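Student: Have a look at this one before I ask anything.
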C-alpha cells in the first residue's frame, strides 16, 4: 500500500501515471523524494512518456510461479491496506505542497546550474575570441613593421645607388676637365676631316703632303628619346658605351619608362650588352654620332 500511496501522491501532484510509475521503478520504490529527484532530472528525456517495457512471457512454469507470487503479494497488499489508514485531505495537501516546493527547488537548482554553465561557456567563447583578435592584431602589426622596414631599406639602397652614380659622373667630369682643361662641359664641334682651306701655292712653295688621319680624344653624342626630344653630351673617345646609357638613364625627363636599347640608323646597328663594354672609339662613334633609343 505504501507504493500505491506514493504513486497516488505523485499523480495528485500532477504527474502522469506513466512518469510516476517510471520514477518509482527507477528508484526502487524508495519513496517520494527519490522519485521526485528522478522526475526532475529526467523530465526532458524523449522517452519519458513512453510506457515501461513489459517483461517477456516465460515458460508455463514461470507463469505459474508468477501467478502464485502475484496472489501472495495481493494478499499481503490487502493485509497492509487493511492496516494502513488513508491520508486525510489536510495531510494530502501538506504532502503535495512539500513535494511542489521540492520540485521548485530542484528546478531552481537546475536552472542555476545551467545558467552558470552558460556564463562559463560565454566567458570561454569571449576569451577565445579575444585571444584570436590579439593574435591577428599582432600578425598585422608585424606585417606592417616588416613592410615599413622593407620600404626604408629600398629607399636607402636607391639613395646609395644615386650617390654612386653622382660620384661617378663627378669623377668623370673632373677627369675630363683635368685632361682637356674643362672643355668637356662645352659643346665641341666636330672638326672637318677632309676640309682643307684652298690656297694658291706660290711657285716657290714646296709641295704639301696629304694630312694624316687625326686621332680624336673626345666625341659628341646626341641621343634621341622615344618622344622625339634629344640629349647631347661630350664623352671621351675611350669611354664605354655603358657611360652613354647611364647618362641617358639619369637625364631622361621623368626617368626611362622601361628597358631600352641604343641603335644607329646609318649604318643600321643595334648595340648589344656586349657592345656596352666597348669604347666609343672602337664602335665608330667618334668624333660625332647620333644614337636612337628603342624599347626592348
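Glycine is no exception: its Cβ is also placed from the backbone N, Cα and C atoms.
As annotated in Swiss-Prot:
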COILED    87-177  coiled coil
COMPBIAS  61-75  compositional bias 'Low complexity'
COMPBIAS  86-100  compositional bias 'Basic and acidic residues'
COMPBIAS  107-123  compositional bias 'Basic and acidic residues'
COMPBIAS  138-178  compositional bias 'Basic and acidic residues'
COMPBIAS  191-206  compositional bias 'Low complexity'
DOMAIN    1-42  domain 'UBA'
DOMAIN    214-293  domain 'UBX'
REGION    43-216  region 'Disordered'
Student: Where does the mean pLDDT land for the coiled coil (87-177)?
Tutor: 87
Student: Under an 8 Å Cβ to Cβ limit, what residues of the same chain, 6 or more beyond the ends of the compositional bias 'Basic and acidic residues' (86-100), are close to it?
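Tutor: Hits for the compositional bias 'Basic and acidic residues' (86-100): 5, 9-10, 12-13, 32, 36.
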Student: Taking helix as H, G and I and strand as E and B in DSSP, count the residues of the domain 'UBX' (214-293) in helix, strand and coil.
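Tutor: DSSP composition of the domain 'UBX' (214-293): 14 helix, 31 strand, 35 coil.
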